[in-house]
Amino acid sequence: MWSQRLKHQWQNSLRNILIARQYQRVRWVASGGILASLGGASWYYHQYWHEVELSPDYFTKYRVSHNAKLDSEHFLMELTPLKPQRVNLWSATTSNKLWSVEVKQPEIMVVRNYTPLPLKVTTDKKVQVLPDGKFESGKLLFYLKKYRYGEVARWLSELPEGHIVEVRGPFVDFELPPFEEKRDRSFLWDDNAKLQSEQFLQQPYDIAAFTAGTGIAPIMQLLLKENPFPGRILMFHSCHADSDLGPLRHLLDKLQDYHRAKLYLFESQRANDLRKISDEVLKLIPSPMAYHAGPFVGLNSSISPILSLVCGPDSYITTVSGVKYDLSQGPIEGLLGQKGWNNSNVYKLS
């Protein structure tokens with residue numbers, strides 16, 4: 001039953017389910033001589049809002065408001081809409097949806113999907129998590145890497161602040177089984193928040209995540225968003241050095257302190273490359289667990305993942321879970337295949 005539900009969710013996500021837009025209506029009180037102004041008002045409304053609110057159907061203009069290098073390859077980029085957005089996407093998207101936006105490189109007419117994070121850049125250039133209900137009028141912040149053959153990311157990395165870029169979305173990249181309850185995340189911005197035992201009506205489930213480089217962004221979105229993932233995430237992340245993560249490293253520490261995630265970090269700089277120590281890594285990877293939906297009975301001391309998400313360069317995905325083809329997931333092989341995982345409980349993100 002669980003496999004059927006999960007496959008149904010994946011089929012929906014592969015269609016790029018579009019997030020419903022929530023437009024407000026303009027009301028006019030028309031009487032006597034002001035009826036003639038209705039046509040002009042409609043024209044103004046159309047001109048002001050058309051292609052201004054972010055939508056999957058057209059590109060909306062944003063300006064680069066922050067572009068900071070973390071090292072020679074990684075950088076943080078904040079995009080600010082030219083006109084303030086009316087829809088808070090962090091409130092509108094539920095805990096089970098992973099979403100991204102497309103950014104256009106106009107010189108070669110290529111678009112690439114990037115995963116925004118619910119973070120903001122403060123006036124003193126620090127990065128903070130957006131509190132509940134806040135969305136900075138639609139600003140988007142991205143954790144990016146300048147790959148050798150990544151035309152769009154290389155172009156973005158060189159853009160000066162104030163440069164105009166075009167964005168469309170959001171697009172749902174993956175949809176987990178729904179979970180209606182919302183959990184507290186105030187510890188992400190309140191250093192005085194206390195660790196409290198959590199209570200749910202429904203038993204939450206855990207997942208595992210295998211990421212490399214900026215492939216960690218979708219998992220960070222799940223953990224940081226206004227409706228965060230209700231269970232716990234067992235994270236296996238590969239990078240050159242933990243400094244690659246910039247301000248995300250501190251957030252990962254907080255997430256571990258508050259039992260939202262457990263992180264295994266593989267740094268090639270320290271001769272700790274996941275691909276070269278596969279026997280050791282296999283000992284850390286659990287076999288898939290069964291999920292028994294029902295009333296809350298408490299959280300286990302260990303993370304028991306029922307699903308694995310894999311995100312990173314093609315070679316990394318192949319090592320962890322087998323080859324991913326353009327339009328299909330491909331067989332589950334690699335490390336996860338050796339531990340008994342299969343296509344019913346593994347999803348390879350692009």
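All positions are counted from 1 along the displayed chain.
Just so it is clear, glycine is given a Cβ too, placed from its N, Cα and C backbone atoms.
On a predicted model such as this, the values are computed, not experimentally measured, just so you know.
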Query raised in the report: Looking at TrEMBL, ARG112, TYR114, LYS145 are annotated for FAD. Which of VAL127, VAL152 sits in that same site?
Result: VAL152
Query raised in the report: What residue among the binding-site residues ARG112, LYS145 has the most other CB atoms lying within 10 A of its CB?
Result: LYS145
Report summary line: Students should find that the Cβ of VAL152 (FAD binding site) has, within 10 Å, a number of other Cβ atoms equal to 20
**Report entry** Chain-mates of ARG112, TYR114, LYS145, VAL152 with C-beta within 8 Å of site centroid, FAD
**Finding:** VAL103, ASN113, PHE142, LEU144, GLY150, ALA153, LEU156, THR214
Query raised in the report: Across the listed FAD-binding residues, ARG112, TYR114, LYS145, VAL152, what is the farthest Cα to Cα distance, given in whole Å?
Result: 13
